[in-house]
Amino acid sequence: MSEPIRVLVTGAAGQIAYSLLYSIGNGSVFGKDQPIILVLLDITPMMGVLDGVLMELQDCALPLLKDVIATDKEDVAFKDLDVAILVGSMPRRDGMERKDLLKANVKIFKCQGAALEKYAKKSVKVIVVGNPANTNCLTAAKSAPSIPKENFSCLTRLDHNRAKAQIALKLGVTSDDVKNVIIWGNHSSTQYPDVSHAKVKLQGKEVGVYDALKDDSWLKGEFITTVQQRGAAVIKARKLSSAMSAAKAICDHVRDIWFGTPEGEFVSMGIISDGNSYGVPDDLLYSFPVTIKVKYFWDYFPCSFTKLDIFLNFKILRSTTSGY
């Protein structure tokens, strides 16, 4: 087995984390041979609830969990991190104006960015989930100047998965048969779901989604508004925000960062816009189509070395790059 990696989840007493933590601990995200030290951070008033989450994780008897640390202290939570999944944020309450929500979250993510800067590894991968995710991610990145901006991303995979699911439902196929949808922009109702490059597998052949559906009015109308407003529809139906689907999207997002995207596929992530080829201004956190290639130590050796030889004698070197 590899050396344990240190993974932080903030807002760990909340409903998204409750749906997320088991998948991290059972190997679904980082692989079945990757031990994990799981760090759970929440605010002091939630520590009683967090103790219950800790007990449940212990009772799961997951062999990959080498340690689980529950804390309300940033110096403990952010120390030597390999991955930080920032789920916790200030939710919008009745009567709260958007500027008040932004002000409260800027304070939170400035502090967490500063903690990443002070305590985490410089190679840490940071995934921001707490809304407004794009703004919060940019705030955290600005507050951790020695960590590469490319290491920060925010979650638009839930919107991406929602778009795939709507296409699959319309065509009577599974979501795995749909690929290369794109979410542009913000994780909000202003996002733009785009299927102009999307493909669907029908009867063993890949076909463009527009050609497969032959329903341009739906694709340019109801499909877009359904994806944009899906979160609100979930809240209206269950009186709570998306948790199970959000946790699944986080797993998909982090797994692609860790292992790379499948050949011939791109996914949607909010990333820094610097140097993009789409005319989006620099220095924004914006959702683009992204491909990720993970390079291993053996990629740097002549082919006379076998992967097994390299694996047995050297620690794997992992470097992730995003392209869009």
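Cβ coordinates come from backbone N, Cα and C, glycine included.
For 6-152, the entry in TrEMBL reads domain 'Lactate/malate dehydrogenase N-terminal'.
Annotated NAD(+) binding site per TrEMBL: Asp42, Asn105, Val129, Gly130, Asn131, in sequence order. The Cβ of Gly130 (NAD(+) binding site) has 25 neighbouring Cβ atoms from other residues within 10 Å, across all protein chains displayed.
The feature substrate binding site is assigned by TrEMBL to Arg92, Arg98, Asn131, Arg162.
The domain 'Lactate/malate dehydrogenase C-terminal' annotation in TrEMBL covers 156-294.
Annotation for His187 (active site, proton acceptor): same-chain Cβ neighbours under 8 Å, separated by at least 6 residues, are Asn131, Pro132, Ala133, Asn134, Cys154, Leu155, Thr156, Leu158, Asp159, Gly270, Ser287. Sequence annotations record features per position, and here TrEMBL assigns active site, proton acceptor to His187.
For the pair formed by Asp42 (NAD(+) binding site) and Arg162 (substrate binding site), distance between Cα atoms is given as 28 Å, rounded to the nearest Å.
Summarised by DSSP class, the composition of the domain 'Lactate/malate dehydrogenase C-terminal' (156-294) is 59 helix, 33 strand, 47 coil.
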